[in-house]
Structures are given as C-alpha cells and as structure tokens.
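Working notes for the structure below.
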Amino acid sequence: EDAVFLRKKITLLRAFSLLIGSMVGSGIFISPKGVLKNSGSVGFSLVVWFACGLLSMFGALSYAELGTRITKSGGHYIYILETLGPLPGFLFLWAEFFAIRPANSAVVSLAFGRYMLEPFFAPCAAPVPAVKLVSLLGYYTVLTLNSWSVTWSARLQTALSVVKLLALALIIVPGMMLLAQGHTENFQDAFDRQSLVLDKLPLAFYAGMFAYSGWFQTSFVREELVRPERNIPLAVIVSVITVIVGYMLTNVSYYTVLGTQDVLASPAVAVSFVQRAFKSLISVVPVLVALSCFGTMNGGIFTFSRTLFVASREGQWPPLFSMIHIRRHTPLPAVMLMFPLVTAMVCIGDIYHLLNFFSFSRWLFIGLATLGLIVHRHRHPELHSPFKVPLFVPVTFTIICLFTVAMSFYSDPVNISIGCTMVLSGFPVYYLVIHRQMSNRCRSPFYYLTHKLQLLLEVVQQEIKTY
C-alpha cells in the first residue's frame, strides 16, 4: 500500500549513538594488549592511542565532507566509486565482503562471547568452543533484529551506547582514584626506548585504529539521515572527541592498576582490571563489556547491509540485494548475506590474527577514499559543500594511512600478503563479470533464481530514489 523505500529514521541522537555504539565496542577492551605489545612500553602505547584518536578525527572530518558532497549511502564503497572509478570501487567491495567485514564481525563476536562467559569461569579462562557458540548466538540475534526493524535496531543502538559509556566510567573512576592516591609505579620508565621496535609500530596503529573504527558509520546510512548536511559533521565531531577522552582515561586506568606483564598476559584486559581493582564488580563489568560488543555488532550489520544494497543498485552486486522487505522496510537480503562467512571465521579464527588480516585492506581503502576527496575537489572546484575541511586534513590522513599499509608488509608479511591477495583476486572477477556484460543466455538462470528468492523473502526493488 505504501511506497517501498528506506525511510529517514536516523535523527541526530541516533547518528551520535550509531557512532559511539560502533566505536566503543570490543576494541578498547582487547586492543590495549595489541598496542602495548607492538609499541613496546606504556608511554609509547599512550602516544599511539592519542595519535590514533587524532588520525581518526582527521578521517572523520574528511568523511563528513564527503558525506555532504556525495549524497548516496554506501560509505567507503560509494566514495571510492564516485571519485576514483568503478574498478577501485569493486575491489573494495570484493575485499570488504570476503575479508574485511566478516573478519571484523568475527573479532567483535568473539570478544562478546569471551566477556559474556568470563564471570562464569573466572579465574579460569572460558572454554574456546563455548566462547564460539555464544559468539555465534549473539551475532545471529543481532542479524535477526536488523532483518525485523530499522526502528528497533536504532533504538537498541541508542540504549547500548549508554551502556558502553557506563562500562568505560566503571573502569575510569577506580583507576583515577588510585592514581590520585599516588599509585604511579607502573608509569616508571614509561618511555623505555630499548623495547621500541619501529617495524612493529604499524601493528600497534592497526590495533589502536581498530578500537576507534566506527567513526565512518554515518556515511553508510546517509540516505536515511534526517538533515544530513547538519547532522553528519555535528555527530562526527562530538562523538570522536568523546571517544578520544574516554579511551585515554581508560588506558591510564588500566596501567595504573595493571603492570605491563599483566596486560600482555591477560586474554580480557577489562576483566583482569576489575579482578585487581574493583572485586565487587567482578560479575558486572564483563557483562557491560559484552553488551558493548553487542552494540558494535548491531552497528556493523546495520551499516554494511547498506553497502551491499547500494552496490547492487549501482550494478556491481546481484540485483536481489537492492531489494527491500515489503512490510518491514529493511534491506533483508543484504542483511542476511554475511552470516555464512562470519560463522566460518568465528569457528576457525583467532582475534589477533584476524585483526591484522583485515586491517591492511580496510586502511588501504579508507586511505583511497580520502584520496578520492582530494581528487573530487580538484575535478569539481565549482561544487558547493556545506561542510569543508582544510586540505591538509585529508592529505595528512591519506599519507599516514598509505604509509602504515606499506610498512605493515615488514611487520606481518604473512597475514598482510593474504589480505593483499584477497584484494587482487577481485581483478579477474571485475573484468569477467562486471566490466563485460553477460549474454542473455548466461543471465537468465540468475534472473530465475533472483525471482524465486524474491518471492520467498517477500522483497521488491526500491520504488523511489531518496538521494
């Protein structure tokens, strides 16, 4: 009875919650170990955390301008497609679907399962099969919710954003209290240069940037935002500043209570912190952390389904995935597509190997997207943008991203080579399937299958363009 399209249901508060909910997830509770291990000392790790926050702000501001220049949803994909062309856009889509997004979702899901089970098995570690089972149950729950309702997904994100900030506060407050009482022994020789290994720094940045990743999430749902020209920059600036302050204070609290060896030995840093500093909350904080990861899973599914939706609409993905449920008004096929790959990576993966595996591809394409902003400015100087950042912001962000990606080949050649191979494998697919149009004889079986799935899932093409 009504027109079938994605409604504008994301207000400024929901945009802020989406960003906070996506950034504050598993990262701040698992990345401190990776940052410390690869930076070598407490002092250098704090420098890396602040530098990652500053770099995230540069990237977020660049994406805010892209979001006001390019009015389609789709995030990294649509920005690369519109500024650098169809081949780089498809290569991103290929790597995102087969490597970046499932690995990222698996990392967050495994963190959710680990923290959810931690209170039941403490002081022992939770059994790995049980962690993976709970991880998958959490992921499937979020998948079902996103298939059911955009409104309820957005409301859950808002509620869990409050939970995330509460979890950070429960770590920051006792740590600051102990620091004020003079417990500074873990900060002695904070900048020990003997333990600094320069070729490992890119891996430290990957771990830190993973914790901040999520500042780009509003760009994926641009068409569903209310007043995007105003709300994208405002939500981005406020949320990134909030997260930088929260993360710095959280890491100082960790190091106030836990020594270097304690952080490196802990499979769940937040749990080790609570065991040492605030035993009365031993069963509360892990659950709050798990809910925080749950919110990050929700935000990830919510946004990536829009990338597949837009890619299908642009003709670079099967047409089924640009369809919307006739009653729920959710991109149901795009939401459901990821679960086989995420399931496989949760079953076989390890958090830190997965993190290095997908970080190479992710930061390569984010650097290319901000390079695209520079190209777009040069090509269209006449285009008026309601939000514009100084040119040094995207230039600095692009150079650092691409330099870090290049350096990572020395730091972790095996995982980075796998990620590079995954990206390059998209070349033949693009030229055989996308660039060369298939004949009608080849396309007819796909049309038949699409039609049957369309009837089964009760989905139709979007009736009007909202961008």
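Cβ coordinates come from backbone N, Cα and C, glycine included.
The feature transmembrane segment is assigned by TrEMBL to 12-30 (among others).
Per TrEMBL, transmembrane segment is recorded for 42-64 (among others). Counting same-chain residues at least six beyond the ends of the transmembrane segment (42-64), those with a Cβ under 8 angstroms from any Cβ of the stretch are 32, 35-36, 79, 186-187, 190-192, 196, 201, 204-205, 208-209, 211-213, 215-216, 219, 232-233, 236-237, 240-241, 243-244, 247-248, 251-252, 255, 260, 366, 369-370, 373, 387, 389, 393-394, 396-397, 400-401.
Per TrEMBL, the feature transmembrane segment maps to 76-100 (among others).
Residues or ranges marked as transmembrane segment in TrEMBL: 120-142 (among others). Counting only same-chain residues 6+ beyond the ends of the transmembrane segment (120-142), those with a CB under 8 A from a CB of the stretch are 105-106, 109-110, 112-114, 267, 271, 275, 282, 290, 293-294, 297-298, 301, 339, 342-343, 346-347.
Per TrEMBL, transmembrane segment is recorded for 162-183 (among others). When Cβ-Cβ distances below 8 Å are used as the criterion, the transmembrane segment (162-183) is approached by residues 20-21, 24-25, 28, 246, 249-250, 252-254, 256-257, 270, 273-274, 277-278, 281, 284-285, 288-289, 291-292, 295 of the same chain, each at least six residues removed from its ends.
Marked as transmembrane segment by TrEMBL: 203-221 (among others).
Annotation comment: TrEMBL describes 233-257 (among others) as transmembrane segment.
Residues or ranges marked as transmembrane segment in TrEMBL: 277-297 (among others).
Per TrEMBL, transmembrane segment is recorded for 332-354 (among others).
As annotated by TrEMBL, transmembrane segment applies to 360-377 (among others). Here the transmembrane segment (360-377) has long-range neighbours at 59, 62-63, 65-66, 69-70, 76, 79-80, 82-84, 88, 91-92, 95-96, 99-100, 104, 206, 209, 213, 216, 383, 391, 394-395, 397-398, 401-402, 404-405, 408, 415-416, 419-420, 422-423, meaning same-chain residues at least 6 beyond its ends whose C-beta is under 8 angstroms from one of its own.
Here TrEMBL flags 389-410 (among others) as transmembrane segment.
For 416-434 (among others), the entry in TrEMBL reads transmembrane segment.
Only sequence-distant pairs (6 or more apart) were considered; of these, fewer than three Cβ pairs between the transmembrane segment (416-434) and the transmembrane segment (233-257) are under 8 A, so the stretches are not in contact. Counting Cβ pairs under 8 Å to the transmembrane segment (203-221), the stretch among 12-30, 76-100, 233-257, 389-410 with the most such contacts is 12-30.
Between the transmembrane segment (12-30) and the transmembrane segment (233-257) there are 3 or more Cβ pairs closer than 8 Å, counting only residues 6 or more apart in sequence, so the two stretches are in contact. Residues 55, 58-59, 61-62, 64-65, 199, 201-203, 205-206, 356, 359-360, 363-364, 366-367, 370-371, 373-374, 377, 416-417 of the same chain, all 6+ positions outside the transmembrane segment (389-410), place their C-beta atoms under 8 angstroms from a C-beta of that stretch.
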